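Chemist: Checked TrEMBL, it gives:
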- 86-109: domain 'Glucose-methanol-choline oxidoreductase N-terminal' (DOMAIN)
- Val88, Thr92, Val239: FAD binding site (BINDING)
- 279-293: domain 'Glucose-methanol-choline oxidoreductase N-terminal' (DOMAIN)
Amino acid sequence: MGSLSDTFDIIIIGGGTAGLVIANRLSEDPNTQVLVLDAGKNRNDDPILTIPALIHEGWNKPEYDWIYKTVPQEHLNGREISHPRGKVLGGTSAINAMSAMYPGRGLWDAWTEAGNEGWDFETMKPYYKKFQTFHRPSKETIAALGMDSYYDFDLYGTDGPIQTTVVEFRTALGDIWWDTWKNLGMTSNSDPIQGVMVGPFACSTLMDPTTATRSHAGKAYWEPIASRPNVHFRGEALVEKILVSNGTDGSVIATGVQYNTNGQRKVVHAQKEVVLSAGAFNSPALLEMSGIGNRELLESMGIDVIINNPHVGENLQDHPFCLVPFEATDEKYSIDHIRDTFRDPKRVEAAMLEYQTSQSGPFAMAFNLMGYMPLIDLTSTPAGEAELNDLFSRYLDDSYISSLSPGQQKQAFHIRSLLKDPKDTSVFYSATPMDIRKSLSAKGYTCISLVGCVTHPLSRGSTHITSTDPAVMPRIDPRYLSHPLDLEVLARHILYFTTIAQTAPMSDVIKSNGARDPENAPFKTLEEAKEFTKAAASTQYHPCGTCAMASEELDGVVNDRAKVYGTTNLRVVDASIFPIIPKGPFTTTIYAMAERVADLMKEDLGITMK
């Protein structure tokens, strides 16, 4: 790594999922000096980050996690919701659940409708291949998970930095997932990467199968370039603000970054561009700290207004979800007996030895039993369609939509069309071989969990600074379930747990009259499901949208080249620029988006590679 100086061509704020893609691709040009600033450390070799089954162990620990919390959520019975975000090199890609899921074509239709040229599905397809190297699983795994009927392995990348696969280790739960859906009348015949799919599928995982370790931006995008003389990393650097000046044409020029490390304030200068990749909470916060945001908020904080844009920090979106753990009929369906070390430490030791010697066993496991489902009871019969239209007339009619901001009007019309489509999804289900909440497993039960997550939420929230001190967390208010249709959709799918639980062979897995949380699950009425949803719903940890890429008329913060409106050289590159949330976990979409922006930056900066 080259010697440190105070002036660089490109300064990247945030060494996370997107920021390290930009660092990797822009530093391919040996004449471009790149600096990455991050509040965390390089912990690439920490087993808490590398071992797949330890995915939750870094959460709520300050050396790994920002430990964000929302304000009390009115529609979740006043509960505050924790929001783990990675505070290490690699960002949240280093602490998340490693799911490699892909958005529908409808996502990119919505990006285009938001006024973004060059962000359609066909343009983005190559970038989903570019970021990854997919490792084909064994024939046995393909057969057991029904993958031969819908996976198209030619659609996946073969030489990208991130390693992906479908994990080989599975409990017996994996062997019955496909047949349960088949008996529900749903099968899959299209690869999820194609963007059109309903039915069950085996989710691929952001994991290197040769080592059975997490593949994240810190390992895959940073380690191969760390020795380049033109790329630099400064950890434990808490950015305070972006420094700007005024151009002769009235535009704003980002000239550098002010940050604090170990109590010392430092300044670095940018000759070409500043890239903000601090995530859905910190990116809008740093714009506001730097004088870019809602005039009223900034003036109330005593911050000089550089650019008045009331959309900064707005449009916050996330996936609400619920889960129910059920006692299993046999421990072969679960890993609770391995995960809860108090039960039998010797079995845990044996499982760890298996992992260390052969890169297999429970510690090499990841969540991969997924399924997309439409509002099946409301899109498959005339009576159901009438009920759905009634819900729309109450909660999502044209007069309601017209009361929204221009950008959110576009989103609402788009989501309404998706919810009406029996070939699109309103939820993704998953089955996990453990009690995720540990409410039952802590009592010695061996469990599985059924999970339901809204794919196209209508609720919109916000995040804003409450202090000029960058160490003070922003106010985060996702307003979960504030749109009543989100509650209607999620509760109906939670109610559908009853059907799933009573359908063979899942009915052979869930112990009849066994323990479950809550005790009255699965539910008998929609009202029961609604009350449970308000009491138990949480987040899938997918915040986005707070610096939306959209035209200025449609509530945009950045343009379709990811530049902040009113600036010449300040870009935002992370999930905050998503104008609308993808339908599931979106780490893959962050990688694809960042690869696309890296190409746009090379074009704008005149960087040509031999």
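Positions of Cβ are set from backbone N, Cα and C atoms, glycine also.
On a predicted model such as this, the values are computed, not experimentally measured, just so you know.
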Chemist: List, by number or range, the same-chain residues at least 6 past the domain 'Glucose-methanol-choline oxidoreductase N-terminal' (86-109) whose CB is under 8 A from its CB atoms?
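Modeler: 14-20, 38-44, 46, 49, 52, 55, 58-59, 62-66, 119-121, 123-124, 128, 132, 164, 192-193, 195-197, 203-207, 214, 216-219, 222, 233, 235, 279, 366-368, 370, 414, 418, 424-425, 428, 541, 580, 582-590.
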Chemist: Select one residue from Val88, Val239: among these binding-site residues, choose the one with the most other Cβ atoms within 10 Å of its Cβ.
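Modeler: That would be Val88, with the most Cβ atoms nearby.
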Chemist: The record names Val88, Thr92, Val239 as the residues that bind FAD; what is their largest Cα to Cα distance in Å?
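Modeler: About 18 Å separates the two most distant Cα atoms.
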Chemist: What count of other C-beta atoms do you get within 10 angstroms of the C-beta of Thr92 (FAD binding site), across all chains shown?
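Modeler: Counting Cβ neighbours of Thr92 (FAD binding site) within 10 Å gives 26.
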Chemist: Please state whether DSSP places Thr92 (FAD binding site) in a helix, a strand or coil.
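Modeler: Assignment for Thr92 (FAD binding site) reads helix.
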Chemist: Over the domain 'Glucose-methanol-choline oxidoreductase N-terminal' (279-293), what is the model's average pLDDT?
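Modeler: In the predicted model, the domain 'Glucose-methanol-choline oxidoreductase N-terminal' (279-293) has a mean pLDDT of 99.
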